[in-house]
Amino acid sequence: MQTIDETELAPTEPDRIELPSGWTRVILAGVEVALILWALCVLTVGLAYWFQSGNQWLAEIGWASVFGFGTDLWAAGLFGSYPIGGIAATLLPAGLTLIAIAIAQLSLQLRKDVDTAALFAFPVSFTLISVIIAASGTSGGLLRLSLGSLLVSFLAVLIQILKRVRCYRKDLDRSLGLVGDYRIDDAFLNWIASWPRNVFRGLELGFHLIIITFLVGLGALIFAIWNGWPRIVEISSLIGANSWEYVFVALTQLLYLPLFVTSSLSWLAGGGFYTATDSYQSAFTVTHQALPAIPILGAVPTTPAQVWPSLWTIFLVFALFSSWRSRRSSKDLRVILPSAAILVLLVDALLVWTSKGAIGPGRLQMVGVPFLSAFALIFLETWGVYALARLLTCTEVVDRIKLWRGQIATGLSDLSLKPKAETTDNEPQIEELVELVEASNPVISTPGEIESTSEE
């Protein structure tokens, strides 16, 4: 008789989908970051209004409008449009966007013990709260703001993941692959950490190229401000900026710092930027010199500089220094350089794309850098020059040059050691012997001469 196993008849539980550990804490982080950023913007606008409460131009503005302006400022940092002069301004105050990413990094760092995959819950809650706050204000374009919130929160998550992977790999190298903490059970983190080492070398190289690019643009901007400071002060006085007003104008301009840095980079690379729809500034041409809406943009030269684009020289020197410090083979560079290119390309494209838009009606509907020309020039003169120089100085090329140089040196040394012909030294002696023989022996007549003498 066949027996039936009772375990076969027992009901089986369906497989449950387990969410990553700590996902609820990450959702809470998205909520608090959105609210903190909104409160910071409203508080800043409120302080500005309080300091200028005695201004007669602000007499008709109440605190309700102040909260609305703060909400519009907050939405502007998340790619939302904000009303200026009766139009929807779209020029991104990217400095506020960077502040949002920094606050997100602090919040996610406090939850560093959660699974890496749980970080992807952050964009969901952050975007949802952002849309709810924006719907209560006067800023339009909820679709644009929702997509911008997703982009900003995803960038924050991506930066946090890269930081975790970098720290995890360093700890693995330090402990010879034996890390006895919670990260050993993080499947997503271990999967990323198992990628080839040259991929992470490329990402680190891309990060260094981005930092150098930003510092070069910032240095050029500081020099332009120092050189054009009288014109900046003149423009600020024309818009009525003095005492506290001047302080708030300066703080407002800091929100557009990435725009100024990108404009400086485009100028150094041989391109240019618009201070208005009819005013294009570059190192070679100046089409118009009307007063810009942002005083710092008045620091550009008033006449063409006629200088050759010099951005690429900095990265050529950096590439040669890197080759001298650590030489790489072409096999390694085939992975390192494309990995760096992906990171640099994404950051450059995002930086240039967000540095163009409208900041007012009429001539102010076009301020910033043209995307295609500025992006192509900056990318090619930074990563392109660096990659070409590293490929031309890789291990195989340097070894081949050394081999050719040795062969040429050997050939030249063989030519210098070759013995000279001895016939040249004996020619005078042979001539002397011939003369002696002719003088001592009688002249031998030819047959023709003998016949002629016999006929006579």
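Glycine too: its Cβ is placed from the backbone N, Cα and C atoms.
Remember, TrEMBL labels are computer predictions, not curated facts.
Per TrEMBL, the features are as follows:
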type	residues	note
TRANSMEM	26-50	transmembrane segment
TRANSMEM	82-104	transmembrane segment
TRANSMEM	116-136	transmembrane segment
TRANSMEM	142-162	transmembrane segment
TRANSMEM	205-226	transmembrane segment
TRANSMEM	246-268	transmembrane segment
TRANSMEM	336-355	transmembrane segment
TRANSMEM	367-392	transmembrane segment
What same-chain residues lie close to the transmembrane segment (116-136): Cβ under 8 Å, and 6 or more beyond its ends?
19-23, 25-31, 33-35, 38, 71, 74-75, 78, 80, 104, 108, 142, 145-146, 149-150, 152-154, 156-157, 160-161, 164, 186-189, 192
Interface present between the transmembrane segment (246-268) and the transmembrane segment (367-392) (three or more C-beta pairs under 8 A):
yes
Against which stretches of its own chain does the transmembrane segment (205-226) lie, if we need a Cβ under 8 Å and a gap of at least six residues from its ends?
232, 260-262, 264-265, 267-268, 296, 299-300, 311, 314-315, 318, 336-337, 339-344, 347-348, 378, 382-383, 386
Beyond the flanks of the transmembrane segment (26-50) by 6 or more, those residues with Cβ under 8 Å of it:
58, 61, 63, 66-67, 69-71, 73-74, 77, 96, 99-100, 103-104, 107-108, 110-111, 114, 118-119, 121-130, 133, 149, 153, 248, 251
